[in-house]
Amino acid sequence: QKAQRYEAVKWAMVFAIGICTGLVGLFVDFFVRLFTQLKFRVVQSSVEECTEKGCLALSLLELLGFNLTFVFLASLLVLIQPVAAGSGIPEIKCYLNGVKVPGVVRLRTVVCKAMGVLFSVAGGLFVGKEGPMIHSGAVVGAGLPQFQSISLRKIQFNFPYFRSDRDKRDFVSAGAAAGVAAAFGAPIGGTLFSLEEGSSFWNQGLTWKVLFCSMAATFTLNFFRSGIQFGSWGSFQLPGLLNFGEFKCSESDKKCHLWTAVDLGFFILMGIVGGLLGATFNCLNKRLAKYRMRNVHPKPKLVRVLESLLVSLTTTVVVFVASMVLGECRQMSSSSHSGNDTLSLQDMSEDVNSSIRTFFCPNETYNDMATLFFNPQESAILQLFHQDGTFSPVTLSLFFLLYFLLSCWTYGISVPSGLFVPSLLCGAAFGRLVANLLKSYIGLDHIYSGTFALIGAAAFLGGVVRMTISLTVILIESTNEITYGLPIMITLMVAKWTGDFFNKGIYDIHVNLRGVPLLEWETEVEMDKLRASDIMEPNLTYVYPHTRIQSLVSILRTTVHHAFPVVTENRGNEREFMKGNQLISNNIKFKKSSILTRAGEQRKRSQSMKSYPSSELRNMCDEHIATEEPPEKEDLLQQMLERRYTPYPNLYPDQSPSEEWTMEERFRPLTFHGLILRSQLVTLLVRGVCYSESQSSASQPRLSHAEMSEDYPRYPDIHDLDLTLLNPRMIVDVTPYMNPSPFAVSPNTHVSQVFNLFRTMGLRHLPVVNAVGEIVGIITRHNLTHEFLQARLRQHYQTI
């Protein structure tokens, strides 16, 4: 019943995360639309007036006033919470890979992110609101099931579920998927995004929950947007924040097809060009990011705000001047005035026609550059996909070049900013340009410009972000056209392969620039020349099963490790040690009891292996049977222990453990008993779990699992501990709280096996234990990063 209740609560949480993510998307969309309409209405009427009076500088000042104000507000919000800058996808990728980025899933982050992206999009920067939606969804996923927040300390619910990193990570996966689903109206694409880009650790049950969460987000957003915009509550007409509309040939044109087999050749070529353009974009952006890290970030925070304002100023002036000066007057298409049958098509064509700009152009013509620049980016994408009228090749080339450079400069400044929409718009202009050239210069009349615009958008976006399966499904779901599956998939594959030849995807580049130890999907084949013993950390900081408080505090204060092996030492003269010291005596007794358990297991095994011919094994087991009767036969056990460790004759220092150990003493054999986490040790100290030397360890108070995890996710810090409350001579028995059976590997294990175990099980520490149960080293995430493995491989070749 408890398990069923837990599962039911999990489903309810996933549903709630979906709904909340949808509402965040609705909030952003509603205010972006409100501010953008207000801005364009004021500026457009001013431009139309000033065209006659000749006061266009005033219109430019009005536009600058709006844009700079909005961008200034967005930058201020990022100053409050610096993690809110950028799209947030690299940070979420790191989090789901198992790296804690400070502050990435806090309530303050989601507030600054949602408000900031609203202002940066309304402020006319070349950024999208889709990337930040993914981050916002992930924060909702992390925070909602916890029912608590640092920002709202007063509000406390006693909610006992999901107090572990594993549950939290699953919910973040669901939230990120819901963010994609809300942004593009693509629930399946969202699920695949979470699987492909995000989670390192995935289980079967999670897939179903994540899809459910994505559906909840998509339909929440759809329900409210349809109601608010069309007043038709309950009719689901607007799936995502970004909608590509319906691709359909006009009935009058019998020769028109959405795409034919001949076009596939052009699509592959566009994929190659898209990959090259994406690689160029990533290379330029990486250079910019490095320049910012050196010259902008170390300076006072105000410099970042000034940089954002400079980008905004440049963008606004470029947009305004290009719209007024560089546009051409083009004839409006006749088909856009004919009646359409379906409601959504009519809305779409009305939407496309209402966003046409006629600056300085006579009747029945429109200014093609202003139509692309003087509109929200979503409208410009719809224009390129569905406008039957023509855009001149010169306009498209100029638009592509300006947009490419400005969006590359913009991604990385201190405002919340997505990259999907600028990439789609850039690519759509490139695709439309290809269609124009094929129509006018090669005379291919059958081609449908909208398809080429869509394939161009896919090629460029694929070249920048290098996503494959999820991006294919997202684009298919956004177009509502399954026939586009093959061309989109081929284009994205070609774009990814071409781009990968030169550099990594934009998110991976930003992850690398931050120096995050991200684990790839698998290691390279040549890494199998290395073994676990080549990459492990042999200098161990460990604790004993029974340890004095002063030793624990000293270890915790002088190291930053998150877990410590629990070990006992192997010495020749343990009998003498046991006499004088209660602490050492307790540790040795613990080791002996664990060895007796092992001996008992061997005896059982030998009894079940009656036909085994070796008399030596039987003798060995008979010896163990004798040792099972303590304490009279303890000499025999002592002999057994001493015989067992003869390979180390010179590693038995007679003095008790001290700080000034020699190298020889430091590497004395250590029997491994388990792992204990830093958070557990600090909790034991804070709660005073210990016993004095005159008592037995049974008198130590016991904590339940709920008490141990009560402070999750922010355990107390050892530096905040008041040492005056602790008696340094008291002893802590850590054995009830350690993990006695963590995953462990042998020193001879191949690196690929170590890597797969570490990544698929979501580990943080992997002890390396030899054949006789002694710990010889430990492997953490740092030992498995690509750079570290490369360095060890070079050392390996040098020693050969």
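Glycine is treated like the rest: Cβ placed from N, Cα and C.
Lifted from TrEMBL, the feature list:
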- 738-799: domain 'CBS' (DOMAIN)
- 12-32: transmembrane segment (TRANSMEM)
- 68-89: transmembrane segment (TRANSMEM)
- 110-127: transmembrane segment (TRANSMEM)
- 171-194: transmembrane segment (TRANSMEM)
- 258-282: transmembrane segment (TRANSMEM)
- 302-326: transmembrane segment (TRANSMEM)
- 394-413: transmembrane segment (TRANSMEM)
- 450-476: transmembrane segment (TRANSMEM)
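Most Cβ pairs under 8 Å with the transmembrane segment (258-282) belong to 394-413, among the candidate stretches 110-127, 171-194, 302-326, 394-413. Only pairs six or more apart in sequence are counted, and the transmembrane segment (171-194) with the transmembrane segment (394-413) gives fewer than three Cβ pairs under 8 Å, not enough to call it a contact. Within the same chain, the transmembrane segment (302-326) stays apart from the transmembrane segment (12-32): fewer than three Cβ pairs sit under 8 Å, each pair at least 6 residues apart. The average pLDDT computed for the domain 'CBS' (738-799) is 89.
Outside the transmembrane segment (110-127), and at least 6 residues removed from its termini, the chain residues within Cβ reach (under 8 Å) are 24, 27-28, 31-32, 35-36, 39, 63, 66-71, 73-74, 77-78, 80-81, 84, 88, 135-136, 139-140, 143, 311-312, 315-316, 319, 377, 403, 406-407, 410-411, 415-419, 421-422. Long-range contacts of the transmembrane segment (12-32) within the same chain: residues 110, 114, 117-118, 121-122, 129, 132-133, 136-137, 140-141, 144-145, 162, 171, 174-175, 178-179, 181-183, 209-210, 212-221, 224-225, 228, 241, 376, each at least 6 residues beyond the stretch ends and with a Cβ under 8 Å from a Cβ of the stretch. Note: the domain 'CBS' (738-799) comprises 28 helix, 15 strand, 19 coil (DSSP; helix = H, G, I, strand = E, B).
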